[in-house]
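Student: So that we are looking at the same thing, I have put the structure below in structure tokens.
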Amino acid sequence: MNSSCCLSSVSPMLPNLSEHPAAPPASNRSGSGFCEQVFIKPEVFLALGIVSLMENILVILAVVRNGNLHSPMYFFLCSLAAADMLVSLSNSLETIMIAVINSDSLTLEDQFIQHMDNIFDSMICISLVASICNLLAIAIDRYVTIFYALRYHSIMTVRKALTLIGVIWVCCGICGVMFIIYSESKMVIVCLITMFFAMVLLMGTLYIHMFLFARLHVQRIAVLPPAGVVAPQQHSCMKGAVTITILLGVFIFCWAPFFLHLVLIITCPTNPYCICYTAHFNTYLVLIMCNSVIDPLIYAFRSLELRNTFKEILCGCNSMNLG
């Protein structure tokens, strides 16, 4: 990757994923100001990174401490929180490194800068793959909960969930190494784009199936006698599905501009309009970090148990039932 592309900026970016050819003359643009690289202060990245780290650490602590949250879905949420922490940590460290280099307080060799640049990019890519895989795992967990409710506890045990999480992170680590090895190849970008759209399509299919089933179930309940009510377990399952749907929607909203950026790099690297769009890369990076900040808020908003555990941890209460 071209470290000069990254470290000449005052805010972090993925070099290979953000670099684009020199912009055309102003006469060929829709507006020279619109095509200029967006400047975002390093403090913004650091603030988002710190807030995200604190929030996601709180999520993991809450699940670990509260025995009532020791279920496959919450362990998958912990893994998703770890992925959010990784992208925040990567961007924060890269921001600090860029600030140090720009201040001339340390003299670093180009080879070291290149190496660190690849590591930061690899961390973000690992976080992306881990987020996608964990969201897919949660979607499958909710699918099994709804369609195989009576067999759920034998199909999806805590041990199986933890094993799956371990496999996910091992695969993500391998992907991270491959990203570094093939950092100069555009196939890395193609693989990321393909994985993103394939996973989104698969998860979308699962959720459409789940909500069509829920709609059919509600229609059947409506024709039953007054005694026929929705079982609490069924209501809980659908609530969990809604929560994960919200998470998926936020994920797509925050990451889609970044992936459009990648698509434009591949398909129209010299088009003036594409160049104008890719010039706003730092904005898309801020959106990615915002996703890491928003996710824990969704957990807290949708789960009373998790929200109460947050309060107990923040208040320093030690009367938690460890289950």
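Using N, Cα and C of the backbone, Cβ positions are placed for all residues, glycine too.
Predicted, not measured: the structure shown is a model, and the values here were computed from it.
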Student: With the domain names in Swiss-Prot as our guide, do Gln37 and Pro269 land on the same side of the membrane?
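Tutor: Swiss-Prot topology: Gln37, Pro269 on one side of the membrane.
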Student: Taking the Cβ of Cys315 (S-palmitoyl cysteine) as the centre, how many other Cβ atoms fall within a 10 Å radius?
Tutor: 8
Student: Could you check if the transmembrane segment (278-301) is in contact with the transmembrane segment (76-100), meaning 3+ Cβ pairs under 8 Å among residue pairs at least 6 apart in sequence?
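Tutor: In this chain the transmembrane segment (278-301) contacts the transmembrane segment (76-100) - 3 or more Cβ pairs sit under 8 Å.
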Student: Near the transmembrane segment (38-63), which residues from the same chain, at least 6 beyond its ends, have a CB less than 8 A from one of its CBs?
Tutor: 10-12, 69-70, 74-75, 77-78, 81-82, 84-85, 88-89, 91-92, 95-96, 98-99, 279-283, 285-286, 289-290, 292-293, 295-297, 299, 306, 309-310, 313-314
Student: Using DSSP, how many residues of the topological domain 'Extracellular' (182-186) fall into helix, strand and coil, respectively?
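Tutor: Secondary-structure composition of the topological domain 'Extracellular' (182-186): 0 helix, 0 strand, 5 coil.
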